[in-house]
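One structure is given here, and the rest of the page talks about it.
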Amino acid sequence: MAKKSMVVKNQRPAKFSTQAYTRCERCGRPHSVYRKFKLCRICLRELAYKGQLPGVKKASW
């Protein structure tokens, strides 16, 4: 889990556009966040397996 102080800090608008970065909206993780879903890879995987993300299915080839 992310530090609460960092999550709160990220909610404020950045002073400059280059300072802004993405965080997972579910857990607050700063790395490997998918912009389309605003979720980190771990949360994305959990919700996809539960079937809670419409249009997402497991790939097989």
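Placed from the backbone N, Cα and C atoms, the Cβ positions cover glycine too.
Marked as Zn(2+) binding site by Swiss-Prot on the basis of sequence analysis: Cys24, Cys27, Cys40, Cys43.
According to DSSP, Cys40 (Zn(2+) binding site) is assigned to a strand segment.
Cβ neighbour count within 10 Å across all protein chains ranks Cys24 highest among the binding-site residues Cys24, Cys27, Cys43.
Residue density at Cys40 (Zn(2+) binding site): 23 other Cβ atoms are found within 10 A of its Cβ, drawing on all protein chains shown. Residues Glu25, Arg26, Gly28, Arg29, Val33, Leu39, Arg41, Ile42, Leu44 surround the recorded Zn(2+) site, their Cβ atoms falling within 8 Å of the Cβ centroid of Cys24, Cys27, Cys40, Cys43, which are themselves excluded.
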